[in-house]
Amino acid sequence: MTGYILAIDQGTTSSRAVIFDGAMKIVAVGQKEFPQHYPASGWVEHDPEDIWKSVVATVKTALRKAKLEASRITAIGITNQRETAVIWDRATGMPIHNAIVWQDRRTAPLCAKLKKAGLEPKFTRKTGLLLDPYFSGTKFAWLLDNVKGARRRAEKGELLAGTIDTYLIWRLTGGRMHATDATNASRTLLYNISKNAWDADLLKILRIPTALLPEVKDCAAEFGVTEKKIFGAEIPILGVAGDQQAATIGQACFEPGMLKSTYGTGCFAVLNTGERLIRSKNRLLSTIAYRLDGKTTYALEGSIFIAGAAVQWLRDGIKVIGKAAESGALAERSDETQQIYLVPAFVGLGAPHWDADARGAIFGLTRNSGPAEFARAALESVAYQTHDLLVAMKRDCGNTFGKTVLRVDGGMVASSWTMQCLADILDAPVDSPTITETTALGAAWLAGSKAGIWPDRATFAKSWALERRFEPQMDGRQRKAKLAGWADAVSRTLTARAPC
């Protein structure tokens, strides 16, 4: 098949542009980091203009590397950091405030207030989500309540809101399209995932005008065309999905029971549950995996806030490594007789605990503990947290989906030590694919299949190829002892207000 597809992968710390050819092979990649802003404890912001400039720069870099004119690009697929919230002026396109990032915890008091009022069951029943600062809805409410004149302007229809995909679509199309897809909408705390519509009751509770929100489309749909002046050609935007759902698609997890986990800044495990919307009883998230041709496929998701960010802490915080890639080799040199546990609750704990007030802690230190032991504890914490997610998934699903095989992607997959540790702690095979750019690949497939130049779902799934399988090697008694120590460490970290 001929033609090129451009995937825009807008992440938490950087933006990437990946160009694929008609055979679904990567031709060129552009990447650019952008600043993070921490105006107060627990607050994390991005300047939307930084995001926009980084996206444009990476696309131009990828086109230059590929030696392609923009007119050779058949379609664009967009994938993005989810939940990050931005509100902008409808007339000028200027944001009224920095974007509030998914990691930001400033709306914890509002979430606590809503919980105290007994409203969490209503939000969960309608959205599949929990009342946590993680999600976009309370961020939108905070912006309307704390930016001078914002609520009045929103009610007059002068403002627009969205997650990062929506903001990029608006900018790319020159303000002609205010839209999102079902996966991003499902992460806002405002979208009824059973009815596939914005929920009037929830909007009323958070006092968010319906007109502020974007139109919700299928993941493979027409999201407008780019302004010619941006890249030199008008390019259709034909695919959009939140980053974890895009990775689920890129990993070809199309059948119920298939499971992937992405290891980037955080860790996100997604289990395809098919047309069945499973209501979690173990504080996982019920969400939309994707919506194609008007048909919704659901998923259970477990979200961990700190995964690769723990390695960044080793590098930037306590400076025991110079580069993230050094962490695995350093951990391999650790003293295995020491059992150190790092509970990386730097911004609270995500699933299945959902404790916004928990903070990080290290247990088991001795005088002989050093950089190698810290590195091992940081990497093992990723495996332990993933184990907690999979236990919760099994409790929700029973034996419906059979034996676990975990497909993995993200930057941490490059560490063989970490992936072997993951297989050992999970007592399950861990599969790494040949194409590691699974998030970009998922967005590209949405656009390419919609454009008619990439294969259908079944054929695409057959193209998934295994690079390496990590089989569990740890003795069962050792695994049990390690997990018991982890459970004890977590219990000591949780606050009195934690739900479990």
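Quick reminder: no glycine exception, Cβ is built from N, Cα and C everywhere.
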Matching residue for the glycerol site, where Swiss-Prot names ARG82, GLU83, ASP243, GLN244 - out of TYR38, TYR134, TYR263, TYR290: TYR134
Further binder of ATP named by Swiss-Prot next to THR12, THR13, SER14, THR265, GLY308, GLN312, taken from the candidates GLY162, GLY174, GLY411: GLY411
C-alpha spacing of GLN244 (glycerol binding site) relative to ARG16 (ADP binding site), in angstrom: 15
Spatial separation of THR265 (ADP binding site) from THR13 (ATP binding site) - C-alpha basis, Å: 8
Site with most surrounding Cβ atoms, counting all protein chains shown within 10 Å, from the binding-site residues GLY308, GLY411: GLY308
Local backbone state of SER14 (ATP binding site), from DSSP in three classes: strand
Rounded distance in angstrom between the Cα atoms of GLY308 (ADP binding site) and ASP243 (sn-glycerol 3-phosphate binding site): 16
